[in-house]
Structure formats: C-alpha cells, structure tokens
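> Below you'll find the structure I mean.
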Amino acid sequence: MALTFMPAPPGLAVDYHNERLYWADAKLSVIGSIRLNGTDPVVAIDSKKGLSHPFSIEIFEDYIYGVTYINNLIFRIHKFGREPVVNLTSGLNHATDVVLYHQHKQPDVTNPCDRKKCEWLCLLSPSGPVCTCPNGKRLDNGTCVVVPSPTISPVAPTSDTCSLVCLNGGSCFLNARKQAKCRCQPRYNGDKCQVDQCWEYCQNGGTCTASRSGMPTCRCPTGFTGPWCNQQVCMDYCYHNGTCTVNQGNQPNCRCLPEFSGDKCQFRQCFGFCENEGMCQLAPDGTKQCRCPPQYEGARCQDNKCSRCQEGTCNINKQSGDVTCV
C-alpha cells in the first residue's frame, strides 16, 4: 500500500485496534487516516483545530501525540477531532520524534521459565531455562537434594506433594519454602486462579484480551470506543441536528441538513456571496467566509491565481493550491 495522494508523509502511526494507519503532513498541517487495506482515506484533523506542521506522531487509545516541525512543540489531540490541540511542552531543541511508553503498548512476551517447574530457582541461559539449587544442594532429576559431606551419610530427598487445587487450567508447584502455590493461565489470577480478568470488563460487545500484567485490553465493535468500549463514537459529534453514521474504520461521518455544511455540520451556508463556485460558510460570529477552489483566492474567491502568469501557461497544484507559471 502507498499513500499516493501526498508527497511524503513524515509521520506514520498504526491504530491496531481500529485497523487504521494515521499519517501526518507537515506541509499541509493535516493528520489523516486510512484503513490498513488502503481504503477509506479521511482527514482527521487540520489547521482549524490549531494543528501546525505535525512531523512525527504516535497514537494511543483516543489521542494522537506528536511533535511539530517548525516550533518543536509536543502536542496532543483527539483522533476524531473532538477537542482542540493541547501543547504539552515547548522550548525543546530540534525535537524530531515522539514515543509513548505504556504497559498496553509494549509486547506481551512470555517468560520461558513459566513452563519449567523448578523447585527453587529458574535462570535463563543461551540454551533455554535452567533449574538451579541453593548452596549445599544439587539438582537430581529436577529435584534439589542435599549434597552429602564426607563424614555424613547421604540424606534421602523428602517426597513432598503439591495438594493445592488450582482452577481454570492452573498448575500447582512448591516454592522454595515448600509452600504450595498456583501458576495460573494468562487470563486468570488469584491464589487459586479463580479470578477471570475479562469478566464483564469490556462493554457493548467489546472483545477482551487478557494480559500478564493484569490489565486486559478491549477491541471495540463498530460505533464504540474508549478503554472499555464505553463511549459512542457518534456521541455529540455532529452539530445542528446533523445525522452521524460510522464507517467501516470506526470513523464518524455527518450528514448535514441543507442549510449547513462542514465535516461536523458546523457551518451555516450562505448562498450567492462567494464567486467562482466558492463555498460560503458563516463563522460562529456571523461573518461570511469563503472556501475557494484551488485556482481562486480572495475574500470572495474573486481573484484568479493564473492571472499572475500573464501570457504563460498556468499549472495549479490541486492539493496545496500553489501556482506554477511555465
């Protein structure tokens, strides 16, 4: 997959739970997203939310974190654009990357020693897990036995049994103090593995994934988001009675009433004010503003950019609106 609709996005981040790739364009001051299969590209945040030249980005749950290219700010913004940009710090010297460290973002790896039932202590070696014994004992068929001294007869190992009943697939083992303990499966904890991490953890039909850290994560169905799938994606998203729908990438979209426009139906349209097919919108203070096609500019889109070329050939960049005269 290639992002062919932009020159070179400097920042990329993957939202694994929603299966979307987020990109940052420092030149256009926008952050967009696209499904991992290359479909459904959308612009998530632009300069109207205070975004300025995003360079490197990282995503976690419902927020995007990043650094800016011009003034080296570290910022945070809601990935659906529900909140303005929040600058977390400033005054950095040439910040080029941002990395989030959180237990839910780190790889959940297994310890090879968990599969090896050692009586005293398990250590990792290049060849795999190895059982060890304390001073004065040696390993004999997986059991630590007393090392006989020259003047004392060998001591026969005691036959200890593990009688603790472990639930949900847990296994019983004896620790160094000969105490019976349960080694639980990843999804369960408790002294007898009786506690299910995922029991009623995710809401609204979310799928729970257990973690060895004891903090499970939720994969939310379409229409819901949040750490427990407890938030509706469309909640208070569209303005002026717009109808909100959720696409396959779990992104909200607004269908506006005829007199309103904008990605959230936030602008009231005003007909006949803008020239050259410009789109007119009313600002919150009631003033009229025009969104011009790439070839035109001015307060009412009345100026043709190609007039700068005089008798030369005019080329318009439809993405940025830049004019090149040949």
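Even glycines carry a Cβ here, placed using N, Cα and C.
Curation does not apply to TrEMBL; its annotations are automatic.
Pasting the relevant annotations from TrEMBL:
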DISULFID  C162-C172  disulfide bond
DISULFID  C198-C208  disulfide bond
DISULFID  C220-C229  disulfide bond
DISULFID  C270-C280  disulfide bond
DISULFID  C292-C301  disulfide bond
DOMAIN    158-191  domain 'EGF-like'
DOMAIN    194-230  domain 'EGF-like'
DOMAIN    266-302  domain 'EGF-like'
REPEAT    19-63  repeat 'LDL-receptor class B'
> What is the three-state DSSP composition of the repeat 'LDL-receptor class B' (19-63), stated as helix, strand and coil residue counts?
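In the repeat 'LDL-receptor class B' (19-63), the DSSP-based counts are 3 helix, 24 strand, 18 coil.
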> Can you figure out which of C172, C198, C270, C280, C292 (the disulfide-bonded residues) comes closest in space to C229 (disulfide bond), comparing Cα atoms?
C198
> Have a look around C198 (disulfide bond) and count the other CB atoms within 10 A of its CB, chains all included.
16
> Near C208 (disulfide bond), which disulfide-bonded residues out of C162, C172, C220, C270, C280, C301 have their CA within 10 Å?
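Of everything listed, what lies within 10 Å of C208 (disulfide bond) (Cα to Cα) is C220.
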> Report, as numbers and ranges, which residues of the same chain sit near the domain 'EGF-like' (194-230): CB under 8 Å and 6 or more residues beyond its ends.
17-18, 61-62, 103-104, 108, 110, 167-168, 186-188, 246, 248, 250
> Measuring C-alpha to C-alpha, could you say which of the disulfide-bonded residues C162, C172, C280 are within 10 Å of C292 (disulfide bond)?
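Final answer, ordered: C280.
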> If you average per-residue pLDDT over the domain 'EGF-like' (194-230), what number do you get?
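PLDDT averaged over the stretch: 89.
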> Sort out the residues at least 6 away from either end of the domain 'EGF-like' (158-191), same chain, that have Cβ-Cβ distances under 8 Å to it, and list them.
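Answer is 114, 117, 119-121, 134, 197-198, 210-212, 214.
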> Which of these disulfide-bonded residues is closest to C270 (disulfide bond) if you go by CA atoms: C162, C172, C198, C220, C301?
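The answer is C301.
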